[in-house]
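Peer 1: Mind looking over this structure? Questions follow.
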Amino acid sequence: MRPRSRAGDKFMSQGQELCHEYFQLTAPCEKQPCIDMCSSKYKTGKGVCGPAVHQCFCTFSCTV
């Protein structure tokens, strides 16, 4: 399994009901591992690759 993220390379922002977290990966993002990483870390997490090649972008509910 490829490394998920490097320490210090992620940040969180909070909107009204949804939060977001970027993971800076050491390898190019792949769709299914990104989805799995977000859903395993956050109960309501949805993952997509991008906007950069080495990023996984997670969106999840802040209220859960």
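Glycine too: its Cβ is placed from the backbone N, Cα and C atoms.
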Peer 1: Quick test of reading the record: Swiss-Prot lists a disulfide for Cys56. Which of Cys19, Cys34 is on the other end?
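Peer 2: Of the listed candidates, Swiss-Prot names Cys34 as the partner.
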Peer 1: Per Swiss-Prot, which of Cys38, Cys49, Cys62 is disulfide-bonded to Cys58?
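Peer 2: So the cysteine paired with Cys58 in Swiss-Prot is Cys38.
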Peer 1: So, in Swiss-Prot, which cysteine from Cys19, Cys29 is disulfide-paired with Cys62?
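Peer 2: Disulfide partner per Swiss-Prot record: Cys19.
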Peer 1: For Cys29 (disulfide bond), which of these disulfide-bonded residues sit within 10 Å, Cα to Cα: Cys19, Cys38, Cys56, Cys58, Cys62?
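Peer 2: Neighbours among disulfide-bonded residues, in sequence order: Cys56.
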Peer 1: Any idea which of the disulfide-bonded residues Cys58, Cys62 has the thinnest Cβ neighbourhood at 10 Å?
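Peer 2: Counting other Cβ atoms within 10 Å of each of the disulfide-bonded residues Cys58, Cys62, the minimum falls on Cys62.
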